[in-house]
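Asker: Please see the structure below; I have some questions.
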Amino acid sequence: MTIRMPNDRQRILVLGKTGTGKTCAAVWHLSQKDFKRKAWIVLNHKGDDLIDSIEGANHVDLNFRPKKPGLYIYHPIPDVDDAEVTQLLWDIHAMGDIGVYVDEGYMIPNRDPAFQALLTQGRSKKIPMIILSQRPVWLTRFAISESDFFQIFQLGDQRDRQTVQGFVPVDLEKLMQAPVNTVPALKKFHSIYYDVGANNCVIMTPVPTADAVLARFDLGKKRKQTL
């Protein structure tokens, strides 16, 4: 069965507890973007090594604003840099036609007005989004309700499964829960992939390895900017 990938206006929410392959899958989605035609920003609150290993990405300060295509990685400190992140997101909202990757959605406060504006208005402004979270119960509801695609890995907490359950047409408890010493129906590194617009839901096999995903990026010589 052929499955669709998010286009340059759509957003995907990638969920899963630590160690499920969530970040590798999200970076795999990111690797499919055309950085020669569009700028993407990455909010790497957790300092994820896989993200920081992308060759050719620009590592920039929070006061930097992209003016040309490419990949720009920011490293905000949770709580400390919240105001700067809000201003950055407002500026992206005003500029439009820039992709946004958020390494952990709950690192942005639930009521952040700029984040909510991107989630609710980003489609019309050509602002696609890739949002990750290991705890969907802590996410703003708009991150879930406004998603065009879901990729859901194993979620260990029942509250997280219940938070997402109303948005996907499969029984998450049945797929993710299993008696002691048995294997859940949703295998390791496999995920539930749901295309909301097409109402198409499949079990996706593991994405390529981290090294293979990193090799997909073609961004030229790696450099860091402090502006």
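Quick reminder: no glycine exception, Cβ is built from N, Cα and C everywhere.
Computed from a predicted structure; not experimentally measured.
According to Swiss-Prot, the record shows the following:
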type	residues	note
BINDING	Gly16, Lys17, Thr18, Gly19, Thr20, Gly21, Lys22, Thr23	ATP binding site
Asker: Other residues with Cβ within 8 Å of the Cβ centroid of Gly16, Lys17, Thr18, Gly19, Thr20, Gly21, Lys22, Thr23 at the ATP site?
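Answerer: So the additional residues around the site are Gln134, Phe153, Gln154.
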Asker: Using a 10 Å radius around each Cβ and all protein chains in view, which of these binding-site residues has the most neighbours: Gly16, Gly19, Gly21?
Answerer: Gly16
Asker: Is it possible to get the count of other C-beta atoms within 10 angstroms of the C-beta of Thr18 (ATP binding site)?
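Answerer: Taking every protein chain into account, the count is 8.
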Asker: With an 8 Å cut-off on Cβ-Cβ distance and a minimum sequence separation of at least 6, pull the same-chain contacts of Thr23 (ATP binding site), or say none.
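Answerer: Those within reach of Thr23 (ATP binding site), by Cβ under 8 Å and sequence separation of 6 or more, are Asp48, Leu50, Ile51, Asp103, Leu132.
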